[in-house]
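Going by Swiss-Prot, these are the annotated features:
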- 1-17: compositional bias 'Low complexity' (COMPBIAS)
- 1-41: region 'Disordered' (REGION)
- 20-35: compositional bias 'Basic residues' (COMPBIAS)
- Lys26: N6-(2-hydroxyisobutyryl)lysine (MOD_RES)
- 36-109: domain 'H15' (DOMAIN)
- Lys52: N6-(2-hydroxyisobutyryl)lysine (MOD_RES)
- Arg54: citrulline (MOD_RES)
- Lys81: N6-(2-hydroxyisobutyryl)lysine (MOD_RES)
- Lys90: N6-crotonyllysine (MOD_RES)
- Lys90: N6-(2-hydroxyisobutyryl)lysine (MOD_RES)
- 95-213: region 'Disordered' (REGION)
- Lys97: N6-(2-hydroxyisobutyryl)lysine (MOD_RES)
- Lys97: N6-crotonyllysine (MOD_RES)
- Lys106: N6-(beta-hydroxybutyryl)lysine (MOD_RES)
- 119-140: compositional bias 'Basic residues' (COMPBIAS)
- Lys129: N6-(2-hydroxyisobutyryl)lysine (MOD_RES)
- 149-160: compositional bias 'Basic residues' (COMPBIAS)
- Lys168: N6-crotonyllysine (MOD_RES)
- 169-186: compositional bias 'Basic residues' (COMPBIAS)
- Ser188: ADP-ribosylserine (MOD_RES)
- 193-213: compositional bias 'Basic residues' (COMPBIAS)
Amino acid sequence: MSETAPAAPAAAPPAEKTPVKKKAAKKPAGARRKASGPPVSELITKAVAASKERSGVSLAALKKALAAAGYDVEKNNSRIKLGLKSLVSKGTLVQTKGTGASGSFKLNKKAATGEAKPKAKKAGAAKPKKAAGAAKKTKKATGAATPKKTAKKTPKKAKKPAAAAVTKKVAKSPKKAKAAKPKKAAKSAAKAVKPKAAKPKVAKPKKAAPKKK
């Protein structure tokens with residue numbers, strides 16, 4: 001009995017895993033159903049635009065075109081009628097004959113051109129925004145550059161006192177030179193006086209000449 005008892009719980013886990021696999025398989029199937037194809041309104045507009053009839057496309061001709069495109073007309077008959085009504089109310093299609101979904105339908109050219117124009121306007125409006133953004137960036141760049149100019153100017157102001165100090169030193173130096181010149185002149189005058197005092201010394205040999213021994 002001890003050998004058969006652990007075999008029962010070992011068989012239970014695979015039974016629990018199987019429903020998880022089934023759920024995982026169901027999710028992609030649901031996603032495929034949703035993304036089976038484009039909506040009915042797009043198919044109707046394409047079929048009406050492709051037709052060359054001036055009076056418009058009838059419901060029977062529209063169903064044939066949808067069936068040729070691979071759309072299940074029998075199952076989605078109510079959706080086709082609702083799609084036609086919604087497109088007429090929006091203005092994308094114009095009903096040329098009949099009432100409701102039983103008449104003939106034609107593509108509204110004014111609505112098609114009107115839809116194209118707002119897109120072009122939006123694209124044109126988007127460009128000035130980018131230009132405005134670029135202008136803001138340039139303004140920010142210039143605003144950031146102005147402090148640099150002020151920073152450059154401040155050292156110049158600091159340099160001016162240094163230049164003034166140099167001029168003061170230059171102004172003081174001539175005074176020293178002027179004060180030094182009189183000293184040199186005094187020395188030269190003293191030197192000039194000394195030779196005058198030396199002249200009487202030359203007369204001494206004359207006194208010694210008359211002496212006789």
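Cβ atoms here come from the backbone N, Cα and C positions, even for glycine.
Location within the structure of each feature annotated in Swiss-Prot.
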{"residue": "Lys52", "record": "N6-(2-hydroxyisobutyryl)lysine", "DSSP (3 states)": "coil"}
{"residue": "Lys81", "record": "N6-(2-hydroxyisobutyryl)lysine", "DSSP (3 states)": "helix"}
{"residue": "Lys90", "record": "N6-crotonyllysine", "DSSP (3 states)": "helix"}
{"residue": "Lys97", "record": "N6-(2-hydroxyisobutyryl)lysine", "DSSP (3 states)": "strand"}
{"residue": "Lys106", "record": "N6-(beta-hydroxybutyryl)lysine", "DSSP (3 states)": "strand"}
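Closest to Lys90 (N6-crotonyllysine) by Cα-Cα distance, out of the modified residues Lys52, Arg54, Lys97, Lys106, is Lys106. Lys106 (N6-(beta-hydroxybutyryl)lysine) sits 10 Å from Lys52 (N6-(2-hydroxyisobutyryl)lysine), taking the C-alpha atoms as the reference points. Looking only at other Cβ atoms within 10 Å, the busiest spot among the modified residues Lys52, Lys81, Lys90, Lys97, Lys106 turns out to be Lys106.
Comparing the Cα of Lys97 (N6-(2-hydroxyisobutyryl)lysine) with the Cα of every entry in Lys52, Arg54, Lys81, these being the modified residues, the smallest distance points to Arg54. A straight line from the CA of Lys81 (N6-(2-hydroxyisobutyryl)lysine) to the CA of Arg54 (citrulline) spans 21 Å. Within 10 Å of the C-beta of the residue listed as 'citrulline' there are 7 other C-beta atoms, taking all protein chains into account.
Mean predicted confidence for the domain 'H15' (36-109): the pLDDT average there is 79.
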